[in-house]
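> Pasting the feature list from TrEMBL:
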type	residues	note
COMPBIAS	79-101	compositional bias 'Low complexity'
COMPBIAS	105-116	compositional bias 'Gly residues'
DOMAIN	209-632	domain 'Major facilitator superfamily (MFS) profile'
REGION	14-123	region 'Disordered'
TRANSMEM	290-309	transmembrane segment
TRANSMEM	315-338	transmembrane segment
TRANSMEM	350-370	transmembrane segment
TRANSMEM	458-477	transmembrane segment
TRANSMEM	489-510	transmembrane segment
TRANSMEM	517-536	transmembrane segment
TRANSMEM	542-567	transmembrane segment
TRANSMEM	579-601	transmembrane segment
TRANSMEM	607-627	transmembrane segment
Amino acid sequence: MLAEIATTARCKLKMFKSKTTSPNEPSPVPGHPDLDGTGMHITLNPSSRATSPSAMVCKPSATPSPTPSANPPAPIGHNQASAKSINNNNKSSSNSKANSKPSCKGGGNGDDGGGTKIPQKKHKNLDEESDIIGELIGDYGKWQFVMTFLLSLFQVPNTFHIYSPTFQAADKSFWCRRPTHLDDVPIDRWRNVTGSVENCRMLNYDWNALTSAQLSMSNFSLPKNLTDTVACSAWEFDALDNLGNTWSSEWNLVCDKEYLKNVAEMFFLAGVATGGITSGVLSDKFGRKMMLFISAVLQSIFGLALYFADSFEFYLVLRALLGIVSVSVTYAGLILAIEYVDGKWRTIAGMYNLFPLPVSYIMISGIAYLTQDYRNLQLCIGLPGVFLCLLWFVLPESPRWLLCKGRITEVKEVIRKAAAFNKRTLPDNLDKLLKPPVDEEETAAGVCELFRSKYLRLVTFCFLCIWFTMNLVYYGLVLNMNSFGGNIYLNSALAGLVEIPAIALAMYIINRTGKKWLFCATFFAAALACLCAAIVEGKPEFLAMKITFVMIGKFTISAGNTIMPVYTAELYPTAIRNVGVGACNLAAGFALILTPYLSMLTKIEDHLLMTLLTAWCIFGAIVIIFLPEGMQHHEHEEHDEDK
């Protein structure tokens, strides 16, 4: 699931590998190769500004630094992506006057006059950054693998909670309740005699005056002039449909109350949108680890409290609170995972954070089949979060966030443990190497910046449409799996199974071909699959074929969902990337709120749901055509350089 509003960066990690240079020679800026051959930078938002006398101070340079190309953030589970704390900030500190020469000093990670030099990595692009922490503990080693794997486990309860209504709110067969003394009358006979209209109304007759023997007689009939109907006051539900007790049977959410099931899911997704606005700011202020575990504890409390909820109103409130904290778990965990690694692994760490999602789809399908009761299912999906809270004693705080906050003692403790686990030797002058970055003065980027130039207006408008479309189609398929016919448990497990190779394939191809046309192809392929499913809709003999087409659509749209945040971040310039991706997530939030209501389309017309998804896929593919392959130089960049 998951929408976010990115915050404007106020503190950047500027930790360059410094080399001794001549007065007339600019110091090279080494960096780590990314998947796209571009650098990536972690942007932090501390509440206080740290300064250091040994931080880098550069005089104006005659030659401007290379313009950075965007390095994307990794996407997240409820298919949403996180770009809140990932920013490619490898731009020059200023654009200089002519004929002046650079002279940079600072407590970098080079030789500080007597300390041990850290081996310099070769083949770094000049427009990429490297930070001291990556040089000390390595870009990616055993320690990073273990930590990022443990963090990915937090995606499991998140996926459980967003996907649980597929089973908890499943439609059940129902009919007007029989009087107690008529309980032995066959259901079909009762429904035929009472003249039930869509099982919501029945003939206005004194049914207590009849006996079961009378109703069982084949020649029994009511007066022919009896045509008035009344609304049913209570209902019975099919106990043999392998769905068990659901929201419908617990609170009689049928007929004129059926819409409340969609309201319950809308409350959760509205909570997700709300949490996306605040979670990043709180994470930057109080720390990634602190925010992660506070949210995880609250998630466990709210998740288990739903097991005991005895009124639907209380259930709605808990679902909304659960949505707020669940998205906070997603964002804080993803940021923490990305800040544990360096170089190209920042993108990869975020992308493989998606793998628990399809596995969780499969797991919850099995749990729902075994429990067949919405309360027991809620208990089972709420318990894993309790055990994950114990990882507080295992997972450290982000060393990069700690360094930006000036908490050097804690940074050294994390680095020593990580370096020992990775079997790396630390230099003797560790205290001198770990210097908080000097906060640079930046102009806050607002939403208006997204429309400053023709290029930005094009990119912003297109991505607002694309993010809305992607989330509508992706979650339209995921959250309405019970509307496609067939076995709901098998369909859900297959939907998770097909997403695993989709994510893996997208990760493999994304940096070996152009993102634009690959992204466009996923939409067209999903449109074709949804169109084929719409054609065979309503034909029971083609049910297996329909499910096959739906799974193909799920496969292709899942691949596109992996590419989308990567491509988005690449087309926005560094200064407004967070604002741009945040605006796109807001559009995604509107789509999420609408998705629970898509299931109602099949009740209007059988083909309507898949036809609508087909149309949106085609629309998304057409919009992508207008986008450039990569970020272009435009007026906004020139404006920033002049500043």
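Using the three backbone atoms N, Cα and C, a Cβ is placed for every residue, glycine included.
From a predicted model like this one, the values you see are computed outputs, not experimental measurements.
What's the neighbourhood like for each of these?
In the predicted structure, the domain 'Major facilitator superfamily (MFS) profile' (209-632) carries a mean pLDDT of 84.
Here the transmembrane segment (517-536) has Cβ contacts under 8 Å with residues 469, 473, 484, 509-510, 542, 545-546, 549-550, 552-553, 556-557, 559-560, 563-564, 567, 607, 610-611, 613-614, 617-618, 620-621, 624-625 of the same chain, all six or more residues outside its ends.
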> Applying the under-8 angstroms CB criterion, which one of 290-309, 315-338, 489-510, 542-567, 607-627 scores highest with the transmembrane segment (350-370)?
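Maximum Cβ contact count belongs to 489-510.
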> Please give the sequence-distant neighbours of the transmembrane segment (607-627): residues at least 6 beyond its ends with Cβ less than 8 Å from one of its Cβ atoms.
458-459, 462-463, 465-466, 469-470, 472-473, 476-477, 480, 483, 516, 519-520, 523-524, 526-527, 530-531, 533-534, 537-538, 550, 553, 557, 567, 571, 598-599, 601
> Can you say which of 315-338, 458-477, 542-567 has the most Cβ pairs under 8 Å with the transmembrane segment (290-309)?
315-338
